Amino acid sequence: MSTTTLTRREQRAKAQHFIDTLEGTAFPNSKRIYVTGSQHDIRVPMREIQLSPTLIGGSKDNPQFEENEAVPVYDTSGPYGDPEVAINVQQGLAKLRQPWIDARNDSEELDDRSSAYTRERLADDGLDDLRFTGLLTPKRAKAGHRVTQLHYARQGIVTPEMEFIAIRENMGRERIRSEVLRHQHPGMNFGARLPENITPEFVRDEVAAGRAIIPANINHPESEPMIIGRNFLVKVNANIGNSAVTSSIEEEVEKLVWSTRWGADTVMDLSTGRYIHETREWILRNSPVPIGTVPIYQALEKVNGIAEDLTWEAFRDTLLEQAEQGVDYFTIHAGVLLRYVPMTAKRLTGIVSRGGSIMAKWCLSHHKENFLFEHFREICEICAAYDVSLSLGDGLRPGSIQDANDEAQFSELHTLGELTKIAWEYDVQVMIEGPGHVPMHMIQRNMTEELESCHEAPFYTLGPLTTDIAPGYDHFTSGIGAAMIGWFGCAMLCYVTPKEHLGLPNKEDVKQGLITYKIAAHAADLAKGHPGAQIRDNAMSKARFEFRWEDQFNLALDPFTARAYHDETLPQESGKVAHFCSMCGPKFCSMKISQEVRDYAAAQTIEVGMADMSESFRAKGGEIYLKREEA
């Protein structure tokens, strides 16, 4: 852990330098590949890890090698992972999905922004230096049209986004020929449908059934299509965002790029500080992954942080503002009902969700029902016009082990199920947010209740944390719960960083949280038996047994840390080919001994075979040529 503390000015300067010098970068010994779909502009990015050959025999002067296949892996880094792409943050990313959106002919450009707040910001010349220069002209659905992926799925139409996703979810495993790499243990999937091969039609069917969502606002054409659902790979979300006391636009863009490099499938901008609108524009125009927000945070800023002063009109304006910028999914705390708030009085830690506490305070102050619940159909109408997915927030999630699985939590969950059905009436895609703090033996009930109450809509959880005693290590405490609930069927895991409960995460914290959660998600995929999930593990194990150190580093989720730890004790180049590491040394390496045992066993088999043949030869009279028996 770094002990160097930078001043605010130094942090901003460092982030600005990162942005100014940003270029497409591949991981060590990896290359970017593209798998093409049925039309030329469906080009699905993957990272292919190149491996060295295995020494199988020969002599020192004439060694014999056997090639090892490259291993393709899912890649969330977008253009930032392609060394051939010129990166310019000032201009933003290429608009990958724009031709697909235009071809559907179901949306139109707006003459002006629908949000009064957006119009005010654009008219403020004092913001010119902060503003992203290449602003898009926003689109919305034409009158009488719905533009959502759910709408098209229900019509039986496979969109280019769905085909892109099918290719992506298969992870290029059809390229693998080695039986060693293809071997996979059967999983326990708790009722999930995991086809051997994911087709565009399967993607369409899952979206149509509401079991999966494709967050893809028509005003975020830069994003690469991805899917969230329990019958697909488990996804990971990273949270970024400024606060009233720290961070800047430069730092948030840096964290966005950093998040996608380390595997974030989506990113939530949870900014609560200054210049929220401008920060979000920079993030969206440079994001290859879907962006989510919690609109109530910005709505609260618009009323000077006074929850009692919130109004539906201010919130509605915020939804329009963010939808026309391109936000792909909104967290809406519409399930925090007035009658549920007293249920939290007996809790140890009360209401820990920021959005939940804001709405609870508003309800009690006015003694009225939650205006998000009351206006939910209007929220759905807005989302349907831009294809903004809804992430129904768990405002009453437990904030401590003692409060897990209580009446308030599950009452809200049942209401979220009712709201899900309403959203589906408008062809709006929905996922459900979940806890929180839950001990291991109580986690599975959360998944079971969600599937039953919310009609199998995708579940999206924060951890859950499995113990409360480890501040500073809550990426571990929650990673345990995340792996478990991912196995049980959770579709997306919201990462937790080492700074959880302590402070705003920095760049290194983001990386640590993501690595922890990529481990949890992958462990869940293995346990479910997701087709192809074990390929990378098999490749790593083979490289480990064959002492191919460079391949071990490069197959790791974090090649740089793996190499650094190895080189702390064996930094010489000879250490990269040694048949041992510093843990056991040359004489006690179990894998080296195992290889020797295998070689010895093979030699013994040959000797036994020769002895058997010798005995057979003598038993037949010792003749070189045996007489042919007469018929």
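Note: Cβ is positioned from N, Cα and C throughout, glycine not excepted.
Site annotation (Swiss-Prot): substrate is bound by Asn239, Met268, Tyr297, His333, Ser353, Arg354, Gly355, Asp394, Gly395, Leu396, Arg397, Tyr460, and the candidate from Glu222, Glu374, Glu418, Glu433 recorded at this site is Glu433.
Comment: substrate site residues Asn239, Met268, Tyr297, His333, Ser353, Arg354, Gly355, Asp394, Gly395, Leu396, Arg397, Glu433, Tyr460; largest CA to CA distance 20 Å, whole number.
A gap of 20 Å separates the Cα atoms of Tyr460 (substrate binding site) and His501 (Zn(2+) binding site).
Tyr297 (substrate binding site): 19 other CB atoms within 10 A of its CB, across all protein chains. Of the listed binding-site residues, namely Arg397, His437, His501, the sparsest CB environment within 10 A is found at His501. DSSP assigns Tyr460 (substrate binding site) to a strand segment in the three-state reduction.
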